[in-house]
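Structure record follows, encoded as C-alpha cells.
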Amino acid sequence: MRVLGIETSCDETGVAVYDTEQGLLSQALFSQIDMHAVYGGVVPELASRDHVRRLLPLLRQVLSDAGIGARELGGVAYTAGPGLAGALLVGAGVARALAYGWGVPALPVHHMEGHLLAPLLEDDAPDFPFVALLVSGGHSLLLEARALGEYVPLGESVDDAAGEAFDKAAKMMGLGYPGGPAISRLAEQGQAGRFRFPRPMTDRPGLDMSFSGLKTFTLNTIHDLGGADALDDQDRADVALAFQEAVVDTLVIKCRRAMQATGAKRLVVAGGVSANAMLRERLAQAMGKLGVKVYYPGLAYCTDNGAMIAYAGALRLAAGERQKGLGVSVRARWPLAELARVASH
Ligand code: ATP
Ligand code: MG
Ligand code: FE
C-alpha cells in the first residue's frame, strides 16, 4: 500500500510517499525558518498561509520523484495534532479533500507518534517494546512504547520543552532561530568548566524534567558578563557549551533512570533535539554501560518531516484504521497517551 503523508503542524511543510513493501519512495520538505527568523520565533498566521502556498507544489514534486500517479496511492495520512491549529487545518483540509477526490481513506496522525516512529524508517529499526525519549520544540517526554499506539507515559517536562529552552537561550545570546543547531555549533568552540549550570530535577527521584530554570540561569550568566551586547565570541561559546552540557546531562540522567526503572534494553530518541551531537555522544557512553542500545532517526528525520507522518499513517492504514466521515478537525493539544494500541500489532 502506498500512502501519502502530509505534515503542517508548525513551520515545516512536509510531504512524502511511503510504500509498505518498498519503504520510503520520496519526500520533500519546505522549511519556513528564514521567514520566521526575523521575528525570533514562529508566527502562527504566517505559518498557515505559507503551508497553503507550499503544499500542492510539494505534492506534485513527491509524486513525480516517486514516479507514480495520484491514482496509485492507497491512502492519505496527515498530522491532525498537536501543533498550531491554523497550520494543522491547512494540512488536514488538503489531505481530507485529496483523499475524498481520489476515493481513498484518510487518516489523522499524532505528530509525536510520527517523531516516535521516525527511527523505524532506518535500516536498523528497533522492535517494540522500547523506552522513548521525545525531545522537540514543544515536548520533552519519556515513555514506554509497548506496541504500535500503546504509549505509557513515564515522565515529561513540567515547564519548557528541551528544544524550546535551546531556542530561548539562543535568543538571549543574540543567536538566530532555531536555537538548537546554533548553540550546538557555537558550543564546539567553548571552554569546558568556565560556567557550571544546574541539572534541574536530578537531585530527587522521578522522571519528570524541567528546563525553564536553565533559561533563567542563562539570563543571569549573561547579565553577570555585562549583558548580551558585551559578550565576545568566547563568552558566547562558553555559555553555549555550559547550557548544552546541562540540558544533555539532565536528559542522560533521566534516560538512565528510565532504563533502570523499566529494565528495557532499547532506547529510542527522537524529535529535533535528538540531532544534537553531544546528546548522542553522552547517551552512547551512558547507555553502553547499561547494555542498552540507542536508536535515532536519520538526521533529516529528527525535526519535522512528511516521511514520519506517511510512515505512521501507513502502519495504521495497513492495520485497517480509517478516518470516519468527511469532517476536517484538528487538535492543537492532544496527549500521546490517549492513543490506543493498534489491534493487529
Ligand atoms: P513538537 O514536535 O514538539 O511539536 P517541533 O515540531 O517544533 O515541536 P521539532 O521540529 O521536532 O519540534 O524540533 C525543533 C526543535 O529542535 C527546535 O527547538 C530546535 O532548536 C531543536 N533542535 C534542532 N536541532 C538541534 C540540535 N542539533 N541540538 C539541539 N536542539 C536542536
Ligand atoms: Mg520546526
Ligand atoms: Fe515536531
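Placement of Cβ uses the backbone N, Cα and C atoms for every residue, glycine included.
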Checklist entry - Which residue of Gly114, Gly180, Gly291, Gly298 does TrEMBL report at the same substrate site as Leu134, Val135, Ser136, Gly137, Gly138, Asp167, Asn276? => result Gly180
Checklist entry - So which binding-site residues out of Leu134, Ser136, Gly137, Asp167 are up against ligand 1, CB under 6 A? => result Ser136, Gly137, Asp167
Checklist outcome for this item: When the binding-site residues Leu134, Val135 are compared by other Cβ atoms within 10 Å, fewest goes to Leu134
Checklist entry - How big is the Cα-to-Cα gap, in Å, between His111 (Fe cation binding site) and Gly180 (substrate binding site)? => result 20
Checklist entry - For the binding-site residues Val135, Ser136, Gly180, which residues place their CB under 6 A from an atom of ligand 3? => result Ser136
Item to check | Alpha-carbon distance [His115 (Fe cation binding site); Asn276 (substrate binding site)] in Å | outcome: 15
Checklist entry - Listed binding-site residues are Ser136, Asn276, Asp304; which sit with C-beta under 6 angstroms of ligand 2? => result Asp304
Checklist entry - Other residues with Cβ within 8 Å of the Cβ centroid of His111, His115, Asp304 at the Fe cation site? => result Glu7, Ser9, Cys10, Thr79, Met112, Gly114, Ser136, Gly271, Thr303, Asn305, Met308, Ile309
